[in-house]
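Take a look at the structure set out below.
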Amino acid sequence: MKIMRKNHPLLKIVNHSFIDLPTPSNISSWWNFGSLLGICLMIQILTGLFLAMHYTSDTTTAFSSVAHICRDVNYGWLIRYLHANGASMFFICLFIHVGRGIYYGSYTLSETWNIGIILFLTTMATAFVGYVLPWGQMSFWGATVITNLLSAIPYIGSTLVEWIWGGFSVDKATLTRFFAFHFILPFIITALVLVHLLFLHETGSNNPSGLNSDSDKIPFHPYYTFKDLLGILLLLMALMILALFFPDILGDPDNYTPANPLNTPAHIKPEWYFLFAYAILRSIPNKLGGVLALILSILILATFPLLNTSKQHGLIYRPITQTIYWIFIANLLVLTWIGGQPVXYPFTMIGQIASITYFVIIIILMPISNTIENNIIKL
């Protein structure tokens with residue numbers, strides 16, 4: 001009898017993607033984060049769907065509807081905290097996934113890498129519009145400040161901001177459309193994930209050694225399905241600990257105050273996963289310059305395949321670039337810390353130094369270290 005999974009039109013696709021997929025035999029746990037991101041996306045869509053059943057996207061009732069979910073809906077508090085902290089877990093996995101891609105040279109698979117950048121931007125957009133929905137103080141002022149950045153665009157800026165707001169300030173129209181965006185974007189992300197996987201399976205996975213692994217492949221199932229299962233269990237355990245014991249540790253206390261357009265919070269700041277980009281934005285005194293730096297802080301990832309001149313794949317045998325890479329990671333952590341600090345000396349100065357370092361490492365130091373290492377190989 002023919003094996004159904006190999007011949008059925010639909011199951012055949014699943015089989016080639018998750019069961020009989022030829023995978024390098026030496027990929028480490030750093031390759032687990034792709035599947036963990038898939039699990040995070042599923043958790044977010046499911047919890048989000050149940051939240052959307054009880055949420056109302058109206059300025060007068062949005063805050064109360066979130067309180068109602070936590071108080072009156074069966075396990076509503078759990079669904080809400082799983083969704084809020086699930087976003088944090090999503091971004092932790094996302095940052096590690098991108099960091100692994102840079103370290104092991106996965107950016108040489110340029111189609112997969114570029115779709116990944118689009119996915120990163122779409123996920124950031126989804127998280128931003130989602131943060132506005134509870135309609136607390138930080139939700140309202142975060143939306144006001146970030147959308148207002150578009151007014152820096154010459155000629156059409158002010159009109160564009162009013163068009164996005166649906167009026168002359170962040171109000172009911174803004175909240176309604178942000179809810180619509182927040183509902184549809186995860187499904188767009190899901191479609192992009194399929195394209196991401198399609199491109200990845202065209203070329204095959206990268207591996208820690210950076211060498212061609214065509215001669216040494218093993219089937220994805222059962223080897224990597226069980227390896228991924230361990231990662232998934234650890235992720236779920238971390239998420240449950242976060243949601244049950246420390247549900248508000250990554251949130252902002254100001255968001256437990258209903259939105260008030262007449263009262264500005266002392267320090268307006270986004271969620272922790274945007275702080276690095278927010279620090280880069282704040283470090284430039286000019287509004288348009290800050291917006292451009294903010295956009296470039298993400299889009300600069302697209303330059304990795306272009307600026308890579310190394311004759312070796314990945315950083316595993318390249319100590320100079322390895323050192324620069326870890327300085328880059330430390331610099332990112334400094335930017336994240338600075339983004340959450342008030343705009344005052346010495347934080348502004350540290351932020352400016354860290355922002356310059358961020359771009360200098362990628363555009364100047366990494367290509368130079370590539371050239372040095374290429375010359376060392378020739379010796």
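From the backbone N, Cα and C atoms, a Cβ is placed for every residue, glycine too.
In Swiss-Prot this protein carries:
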TRANSMEM  33-53  transmembrane segment
TRANSMEM  77-98  transmembrane segment
BINDING   H83, H182  heme b b562 binding site
BINDING   H97, H196  heme b b566 binding site
TRANSMEM  113-133  transmembrane segment
TRANSMEM  178-198  transmembrane segment
BINDING   H201  ubiquinone binding site
TRANSMEM  226-246  transmembrane segment
TRANSMEM  288-308  transmembrane segment
TRANSMEM  320-340  transmembrane segment
TRANSMEM  347-367  transmembrane segment
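Fewest Cβ neighbours within 10 Å among the binding-site residues H83, H97, H201: this applies to H201. Contact check: the transmembrane segment (288-308) against the transmembrane segment (113-133) gives at least three Cβ pairs closer than 8 Å, residues 6 or more apart, which meets the contact criterion. Across 33-53, 77-98, 178-198, 320-340, 347-367, stretch 77-98 shows the highest tally of CB pairs under 8 A with the transmembrane segment (226-246).
Across the structure, H182 (heme b b562 binding site) and H196 (heme b b566 binding site) are spaced 21 Å apart at their Cα atoms. Candidate binding-site residues: H97, H196, H201. Nearest to H83 (heme b b562 binding site) by Cα distance: H97. Same-chain neighbours of the transmembrane segment (33-53): 69, 79-80, 82-83, 86-87, 89-90, 93-94, 96-97, 100, 182-183, 186-187, 189-190, 193, 228, 231-232, 235-236, 239, counting only residues six or more beyond its ends whose CB sits under 8 Å from a CB of the stretch.
Residues within less than 8 Å, Cβ to Cβ, of H196 (heme b b566 binding site) and separated from it by at least 6 positions along the same chain comprise T112, I115, G116, L119.
For the pair formed by H97 (heme b b566 binding site) and H201 (ubiquinone binding site), distance between Cα atoms is given as 17 Å, rounded to the nearest Å.
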